[in-house]
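Per TrEMBL, the features are:
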TRANSMEM  57-77  transmembrane segment
TRANSMEM  84-102  transmembrane segment
TRANSMEM  108-125  transmembrane segment
TRANSMEM  146-166  transmembrane segment
TRANSMEM  172-196  transmembrane segment
TRANSMEM  236-256  transmembrane segment
TRANSMEM  294-311  transmembrane segment
TRANSMEM  323-344  transmembrane segment
TRANSMEM  356-373  transmembrane segment
Amino acid sequence: MTNTVQTKANPKAGFWFCNFAFTLERFSYYSAKWLIIQFIALEAAKGGLGITDGSNAVYQSFFVAFTYLAPLFGSVLSDRFFGAKYLVPIGMALMSLGYFVGFNAHSLGGMALMIGLVSIGTGLFKPQTNSITGLLFSDKKELDKAFSTQYSMVNLGSFIGTTSIGLIAGSYGYRICFLVCAVAMLINAVLFVCSWKSLGEVGARPFKENEKKDTSAADSETVEKKPLTKIEKQRIAAIVFVSAFSAIFWIFWYMAYLPVYDYWGTAIQEAGKEVYRMNWQIGSFQVPTSFFDSLNGLVCIALGPILGILWEMDARRPNGGLTIFKHTALGLGLLGVAFAVFAFADITRGGQPANLLWVVLFGFVLSFGEMTFS
């Protein structure tokens, strides 16, 4: 990728610093998403955290919801008040503090504080890092390659995080894993500050300052306000339509993880014995349920380049290839197929633990649907 920003910055180096930042952030985020549901369930079973019921799914849902909502707030700050590259390490530091609070949490209030801090930190980190990457390259092809690479690095972080954290939790318990996430984000913040020189002036000022403004107030007053054309109205309707189905897709996509954790991955009492609905044992190794998250990252890493080539070839067809509506429909269809896989696995197991390959098949179809939809 060539240097397309005429500053003393090194866009290529800055780009890879942003990639690494996303890798460590997703390492921590997806690890914590799994940890919350496992940690709260375990503490509830022991009578800890001041609860006796399973609030794990509720708090994991809060974690996902607020970390997706907070970037709206963070975007306003970087648009109007602060330089993005200064907000990013502050966000990382807040996330690190949040995970440290999780490490020391002995009540649901502590877990709620962790979620709040990580959410605010995510709001300061996620949109700003994406925007910085977008400003480093002006050539569209280079920008597409940059974001494709960034997508792979995000999934790499998810894969490494949930794989390693699952193994650490099996040996040392869940609580210490929050400390691992906290240390990872603290290192991330330090490294990003060290990368400022490579970014030059990119992200140093609020983004709104870079917008072109009319210099003549008179000209702006004489601009004629015209009603939307039919085509413009159709485009707006299409955006609303796709956005609505996007919300539906991601709601059910995240819900798909709950049966893996709470149904297939949780033991039940039968005749005084703990019995799993699925066999998570491979020889003497007990597969952590976090490996289901790892599977998603692995499939996205492996299929990403292949699907990218296929979509590009499809776009060159005379009719223009699959439209966004067809991608949406195909993604939703695959999501439905994934749930059907779990239903079939439960029906056919006949009271015996289902084969672990059902989870693998479910995860593959779910991930394929995600990539098709996205």
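Every residue number used here counts from 1 along the chain in the order it is shown.
A Cβ is built for glycine as well, from the same backbone N, Cα and C atoms used for every other residue.
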For this session: May I ask for the residues of the chain that lie six or more residues beyond the transmembrane segment (84-102) and have a Cβ under 8 Å from a Cβ within it?
Result: 21, 25, 28, 32, 35-36, 39, 74, 77-78, 110-111, 113-118, 120-126, 128-129, 131-132, 178-179, 181-186, 188-190, 192-193, 196, 199, 202-204, 207
Exercise. Where else in the chain does the transmembrane segment (57-77) make close Cβ contacts, counting only residues six or more beyond its ends and a cut-off under 8 Å?
Worked result: 29, 32-33, 36-37, 40, 87, 91, 108, 111-112, 115-116, 118-120, 122-128, 254, 258, 261-262
Seminar exercise, completed: Same-chain residues at least 6 beyond the ends of the transmembrane segment (172-196) with CB under 8 Å of its CB atoms are 13-14, 17-18, 20-21, 24-25, 27-28, 31-32, 35, 38-39, 42, 85, 88-89, 92-93, 95-100, 102-103, 105, 114, 121, 165
Problem set entry | Distant-in-sequence neighbours of the transmembrane segment (146-166), which means Cβ under 8 A and at least six residues beyond its ends | 1, 15, 18-20, 22-31, 34-35, 130, 133-134, 136-137, 177, 180-181, 288-291, 293-294, 296-298, 300-301, 304-305, 308
Problem set entry | Beyond the flanks of the transmembrane segment (323-344) by at least 6 residues, Cβ under 8 Å | 238, 242, 245-246, 248-249, 252-253, 256, 259, 264, 358, 361-362, 365-366, 368-370, 372-374
